[in-house]
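To start, the structure under review is shown below, and the notes come after it.
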Amino acid sequence: MQQVPYGSVDRDKPLIRVPFTRLAVITVCLPLLGLVACIVLAMLYHYNDATYTHCQVPNYLPSISAAISLTPERYIWRFSIGLHSAPRFLVAAAYLSFYRGRFSRRLTEQLLSGFTFLLALSENVGLLLLTYVSSTETYSVHKSGFILFIGSSLFHMLCTCKLWSLIVKYSISSEEMMSYWFKLRLFLFNGGCCVLAVYFYRRHNTYCEEGITHASRCVSIWWCCPTWPST
């Protein structure tokens, strides 16, 4: 192995370069592929257990919590989220550094970027909590993790869109403008899916309707899975 002097410039050179876009795509695909695998396996091998409801009405699709609580689905989901979570923490730190550079002389935006960073950490912690504590193990902890994840995710998206609206206000970069509009559309889409999920959840628990209501809730929740890309 070649020895490099301590004060040499070569010591500060990066060992590995990974394009940010590639890192973001890989980070997003991990939970998406894991979720699809869990749902497919649950429907093929554990259909009755995955689609069971408390009021025992017929159902067609499993919820995320039901799909990832079975075996081996839970291990697939935990593996994909374990690989997925580390880059999310790195991306959150990278965005914080980026915001501080863009808003170096603006206190309000600095505080908002710090709050956005905390929301990103909270979102990731909630995701890990609901992942590694399944609904069949400790339901209250799993439920708290799910609420923490969804709530932090939505507020994180909202704050991110606000910061980027300020960035594009004083920018002529077409790439930054496209990134802002992409983030805004994803926020509106994800927020709409969460609203529908809450509506169908309350309706299902109130009226215990067969099949379609619970299935619609499951589809809505699927779109609330951790696929908020770092665009």
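Note that Cβ sites are derived from N, Cα and C of the backbone, with glycine treated the same way.
Noted in Swiss-Prot for the protein shown:
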type	residues	note
TOPO_DOM	1-22	topological domain 'Cytoplasmic'
TRANSMEM	23-43	transmembrane segment
TOPO_DOM	44-78	topological domain 'Lumenal'
TRANSMEM	79-99	transmembrane segment
TOPO_DOM	100-110	topological domain 'Cytoplasmic'
TRANSMEM	111-131	transmembrane segment
TOPO_DOM	132-146	topological domain 'Lumenal'
TRANSMEM	147-167	transmembrane segment
TOPO_DOM	168-179	topological domain 'Cytoplasmic'
TRANSMEM	180-200	transmembrane segment
TOPO_DOM	201-231	topological domain 'Lumenal'
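Between the transmembrane segment (111-131) and the stretches 23-43, 79-99, 147-167, 180-200, it is 147-167 that has the most C-beta pairs under 8 angstroms. Residues 65-66, 68-69, 74, 78, 126 of the same chain lie 6 or more positions beyond the ends of the topological domain 'Lumenal' (132-146) yet place their CB under 8 Å from a CB of it. Remote same-chain partners of the topological domain 'Cytoplasmic' (100-110), defined as residues 6 or more beyond its termini with a Cβ less than 8 Å from a stretch Cβ, comprise 163, 166-167. Averaged across the topological domain 'Lumenal' (201-231), pLDDT in this predicted model comes to 57.
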